[in-house]
């Protein structure tokens, strides 16, 4: 039997086959469009120049975003989410799940955690030996925990997550534009070549028909490939645009995240504009460029929990006095992130204004009552 490391090397090598296939298709499409279509087929020089300019613009953006999606290293949890050495040894020695959870609860008191497991426990990865931050999941293909993991894509041989999700969206967008441009500009020559192929001899063709050369096979096949990829990419791109608008990952779309108050599929949704900014950033001039502009650090995310009653949540999380701490662990009140704190401060400011107005109304009503009573006594 082959050693384990040899099998892993073979597995990693085979994982690059889809990427190599896409690279070969892209290289052939470049040759077929630039050489066979623009140089050997299109007779007009002006049309050639216009087609080549737009083609290379879309080609560069497509390759750039695809490259960034493939070679962006997935973001992993920081060291603060690792158990201390003493706690890790205690965790490994414990056999009872209740005792292990008690260790995790104590270690998570200072961590900004809002999500839990389906049973309400701390999310812990035994493989990576880290407490999972919110929206973090373990990828079995990459064998690591990935921050804000969306899915593992075989076509890029990489995990799509916090570090490259924007690049992945742009890769889908530019690949769709690339295929649409090729299909639209090749269509008229595809029709002419298709008509030419149905004739028995080129001598019977009208003068405006194209000559019967080997370029027709590249043009015909180029249109079919571009149309096929357009259909498949359009559905995937539309789905991920919907996920961005809802501020969800693919994993969260199939399994809603569980918070302290229960599962909530819209727990991370902040509104359409803020959801877009979470992925693409605040500066719109960088939205179409494959440069990292996503908000946050991948460890903490703003949630709708800031609108809840914090004091009431803290009270409901207290264990009953007649139960042991091991049986009912206390849920830590995690510190909110900067964006959460800003939203919370705005809500508190609005509440303070309402309370101040209510107090002023009560005071004015009391003063009028006292004045009326004094006049009646006089």
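Placed from the backbone N, Cα and C atoms, the Cβ positions cover glycine too.
Summarising the annotation, TrEMBL assigns compositional bias 'Low complexity' to 327-339, 367-378. For 340-351, the entry in TrEMBL reads compositional bias 'Polar residues'. The domain 'Palmitoyltransferase DHHC' annotation in TrEMBL covers 123-254. Per TrEMBL, the feature region 'Disordered' maps to 319-378. Per TrEMBL, transmembrane segment is recorded for 15-42, 49-67, 167-191, 217-242.
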Any contact, the transmembrane segment (217-242) to the transmembrane segment (49-67), with at least 3 Cβ pairs under 8 A: no
Spatial neighbours of the transmembrane segment (15-42) far in sequence, C-beta under 8 Å, 6+ residues away: 48, 51-52, 55, 59, 62-63, 66, 70, 141, 154-157, 182, 185-186, 189, 210, 213-215, 218-219, 221-222, 225-226
Confidence summary for the domain 'Palmitoyltransferase DHHC' (123-254), mean pLDDT rounded: 88
